[in-house]
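Beneath this line is the structure, given in structure tokens, with notes to follow.
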Amino acid sequence: MFAARTTLRATSTRLFSTSSARHTKVTVLGAGGGIGQPLSLLLKQDPLVSSLSLYDIRGAPGVAADVSHVDTPSEVNGYAMEHLDAALEGTEVVVIPAGVPRKPGMTRDDLFNTNASIVRDLAAAVARVSPTAHILVISNPVNSTVPIVASTLEKAGVFDPARLFGVTTLDVVRASRFLASVTGTKPSECDVPVIGGHSGPTIVPLLSQVANSKAKGVQGESYDKLVYRIQFGGDEVVKAKDGAGSATLSMAYAGAKFANALLRGLNGEKGVVTPTFVKSPLFADKGIDFFSSLVELGVNGVEKIHPIGALSSQEEKLLEACLPELKKNIEKGKAFVA
Ligand code: NAD
Ligand code: LMR
């Protein structure tokens, strides 16, 4: 599970690439929501998805009927609230964007009380119906919901750490877009490893590791502003939406991008490496057993967890601020299931 760092990263590829013919059934839990709808549309366009199963407590059959008219080969089925088990039957990948989003003034942790039980109950259903499925958790607070899913699967005796992922791709997408703006380069030339977790100070962009030489020129106040924008990009959207929710479209893009990376790995493509929040040995000695870092995706899911590599002194400080907060979030998730 542990390997030396390579420079090949899935994040710099186009949204959908395909390398082989094995296709996959993917289920979206929360498909009727702000993320779920555009995510379902994007997954319908992924050539590696053969069958798309859309579930929500409201509206999924309508979304499925709509998306099913898109002229790509995959079949689409919608499932109403009482048909969760049917939605999960035979699925290999489950994407979970179910749950409430933030309003201005809220932290992601403020969503815990509502979303923890939603995610736990959905994870229990996956454990019962499709215990070998790969699970991609989008619902916030990701730093806690991923441990909740892990503990729920563990309780059911079916937890495999290689098959559980917190989707932190939106942080990577933002880091790339924002760094490109600051340096006047292309996002495809700004591949930023973002490590840690998914909330404010737990989001740690490693700008010193970006290959683009212009990134090294971002110093002083510009560096601080860029890091802040990457860490608090979510708040920017929550504020602009003014009570109507949080990022949905960019999140759907990021979710589809991560799902495609996983599907390529499952299909046997080599060198698919991207940051994701997984059960990780990197800081286990500090009592932090989930962490996002560059992960190689392969036929079984998590293939290798890469070390974080050399950090600048500024990044060391960011990591120092990340770890205690992340630990607290993870413990809260575990305690909820225990
Ligand atoms: P939304 O309210 O628009 O949609 C959520 C959907 O979940 C709704 O359709 C709702 O009916 C459904 N739902 C609720 N309980 C359910 C259950 N038990 N089973 C199935 N479906 C259920 O919210 P949204 O904007 O789509 O955001 C969803 C979640 O994603 C939020 O928690 C948000 O904070 C999170 N999010 C995460 C990231 C990330 O980077 N990981 C980015 C953006 C948003
Ligand atoms: C994001 O980063 O946009 C999401 O986590 C949603 C949020 O609450 O900010």
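Numbers run from 1 along the shown chain.
Using the three backbone atoms N, Cα and C, a Cβ is placed for every residue, glycine included.
Annotation source TrEMBL lists domain 'Lactate/malate dehydrogenase N-terminal' at 24-166. On the 0 to 100 pLDDT scale, the domain 'Lactate/malate dehydrogenase N-terminal' (24-166) averages 98 in this prediction.
Summarising the annotation, TrEMBL assigns NAD(+) binding site to Gly30, Ala31, Gly32, Gly33, Gly34, Ile35, Gly36, Asp56, Asn115, Ile138, Ser139, Asn140, Met251. Taking a C-beta cut-off of under 8 angstroms and a sequence separation of 6 or more, Met251 (NAD(+) binding site) has the following same-chain neighbours: Ile35, Leu39, Pro97, Ile138, Leu170.
Here TrEMBL flags Arg102, Arg108, Asn140, Arg174 as substrate binding site. Other C-beta atoms found within 10 angstroms of the C-beta of Arg102 (substrate binding site) number 21, with every protein chain shown included. Arg102 (substrate binding site) falls outside any helix or strand according to DSSP and counts as coil.
Per TrEMBL, the feature domain 'Lactate/malate dehydrogenase C-terminal' maps to 168-337.
The Cβ of His198 (active site, proton acceptor) lies under 8 Å from the Cβ of Arg108, Asn140, Pro141, Val142, Asn143, Gly166, Thr168, Leu170, Asp171, Phe277, Ser292, each on the same chain and at least six residues away in sequence. If you look up TrEMBL, you'll see His198 marked as active site, proton acceptor.
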Residues within 8 Å of the Arg102, Arg108, Asn140, Arg174 Cβ centre (excluding the substrate site residues themselves):
Pro101, Pro141, Val142, His198, Ser199, Gly234, Asp235, Val238, Ser246, Ala247
Pick out which of the binding-site residues Asn115, Ser139, Asn140 has the most other Cβ atoms within 10 Å of its own Cβ.
Ser139
When DSSP states are grouped into helix, strand and coil, how many residues of the domain 'Lactate/malate dehydrogenase N-terminal' (24-166) land in each?
64 helix, 29 strand, 50 coil
Should one count Cβ atoms within 10 Å of each candidate's Cβ, the binding-site residues Gly32, Gly34 would be headed by Gly32
Distance-selected binding-site residues near ligand 2 (C-beta under 6 Å), from Gly36, Arg102, Arg108, Asn115, Asn140, Arg174:
Arg102, Arg108, Asn140
Arg102 (substrate binding site) sits from Asn115 (NAD(+) binding site) (Cα to Cα, rounded, in Å) at a distance of 11
